[in-house]
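Working notes, structure below.
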Amino acid sequence: MLLPATMSDKPDMAEIEKFDKSKLKKTETQEKNPLPSKETIEQEKQAGES
């Protein structure tokens, strides 16, 4: 079975060049699981030792 020329592994540069970034919406990224600060880690270590 022959695949049409449009189904290639190489990106279509014309398609990329006509992509309009202004159509993208700006979203605020929110960390779902923020890492604990060094202070929090130290407090937890000390709490675990006592």
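Backbone N, Cα and C define each Cβ position, glycine as well.
From Thr6, Thr29, the position flagged in Swiss-Prot as phosphothreonine is Thr29. Long-range Cβ contacts of the compositional bias 'Basic and acidic residues' (39-50) within its own chain (Cβ-Cβ under 8 Å, at least 6 residues beyond either end) are absent. Helix, strand and coil content of the compositional bias 'Basic and acidic residues' (9-31), in residues and according to DSSP, is 8 helix, 0 strand, 15 coil.
Shown are the modified residues Thr29, Thr40; the one with the most C-beta atoms within 10 angstroms of its own C-beta is Thr40.
Lys32 (N6-acetyllysine) is surrounded by 5 other CB atoms, counting those within 10 A of its CB over all protein chains shown. Using Cα positions, the member of the recorded positions Lys18, Thr29, Thr40 nearest to Lys10 (N6-acetyllysine) is identified as Lys18.
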